Each structure stands twice: as structure tokens, then as C-alpha cells.
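A.B. asks: When I checked Swiss-Prot for this same protein, it listed these features:
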type: DISULFID; residues: C78-C125; note: disulfide bond
type: CARBOHYD; residues: T23; note: O-linked glycosylation site
type: SIGNAL; residues: 1-20; note: signal peptide
Amino acid sequence: MYRMQLLSCIALSLALVTNSAPTSSSTKKTQLQLEHLLLDLQMILNGINNYKNPKLTRMLTFKFYMPKKATELKHLQCLEEELKPLEEVLNLAQSKNFHLRPRDLISNINVIVLELKGSETTFMCEYADETATIVEFLNRWITFCQSIISTLT
């Protein structure tokens with residue numbers, strides 16, 4: 001009598017595990033993508049902070065929108081929406097002392113973000129009331145990446 005219910009329960013559990021549970025390889029891939037995203041964001045931040053940038057003061061006047069909360073991969077939608085303004089601000093910093101290639105970095109970040117959040121995301125980003133400077137913006141997304149990576153390990 002209970003045998004049929006038990007078999008149904010086992011079958012449903014197996015279906016759930018095989019279709020929705022992340023595998024160790026997908027977790028590892030996600031972790032690697034997040035590490036690449038983290039490195040790109042850190043590279044931009046270091047490029048802004050690690051030299052005498054006469055344009056830094058001007059760069060700090062530009063404001064970026066931050067999500068009210070960023071705790072899941074779907075929140076990367078908010079980062080994606082700010083990539084174009086980020087590229088425009090980074091283009092201001094181009095000089096002989098600043099050797100980052102904003103277009104390449106932003107393109108890399110965009111590809112990684114799309115892979116991590118998925119292309120079919122219909123998540124609408126809910127932004128905080130306060131805006132952030134470029135340094136605050138990068139630091140918050142760096143912290144986001146570190147936080148997600150720590151949950152995967």
C-alpha cells in the first residue's frame with residue numbers, strides 16, 4: 001500500500017535532484033566566472049586608485065545606481081544596466097598613465113554577467129535611493145562577488 005507512494009516520492013525526488021540541483025561542475029563554473037568578474041572589477045578599481053589620476057576628482061562626480069539589495073546572481077542585472085555609464089566614465093580617464101581598455105573590460109564583464117544571471121532573466125532591478133561614486137560602486141560589486149564566492153566554497 002505504501003510501496004506506490006514511496007516509489008512516487010523517490011521518483012519525484014530524483015527528478016528534482018537531476019533537473020534543478022546544481023552539480024559540482026556547474027557550481028565550479030559559476031565560481032570561476034565570479035572570480036573572473038571579481039578580477040575585472042578589481043582591475044578597474046586598482047587602475048583608478050593606483051596612479052596620480054588628475055581626472056579622478058571629475059570621475060567621482062558621476063553617480064551610479066546600486067540595487068537596494070544584491071545577494072543573488074539575478075541581481076547582476078543591476079550591474080549590467082550600469083555597464084554603459086561605467087564605460088563612459090572610464091573613457092574619461094584615458095591617458096598615458098592609465099592603460100586600461102574600458103571597452104574590452106566592459107565587454108568581458110558583460111559576457112560574464114550574462115552567463116551568470118542567464119539571458120532569460122526578467123528580473124527588474126530595484127535601486128537604492130542613494131547613488132554611489134565609481135569607487136563605491138566598484139567596491140560594492142567586488143564585495144558582492146566575494147560574498148557569492150564564499151557561499152559556493
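Every residue gets a Cβ built from N, Cα and C, even glycine.
Buried or exposed, and what's around them? Tell me for each listed feature.
C.D. replies: In the three-state DSSP classification, C125 (disulfide bond) falls within coil. A simple way to gauge crowding: the CB of C125 (disulfide bond) has 18 other CB atoms within 10 angstroms, across all the protein chains here.
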A.B. asks: Note down the number of other Cβ atoms within 10 Å of the Cβ of C78 (disulfide bond), including every protein chain shown.
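C.D. replies: Neighbour count, Cβ to Cβ under the 10 Å cut-off: 25.
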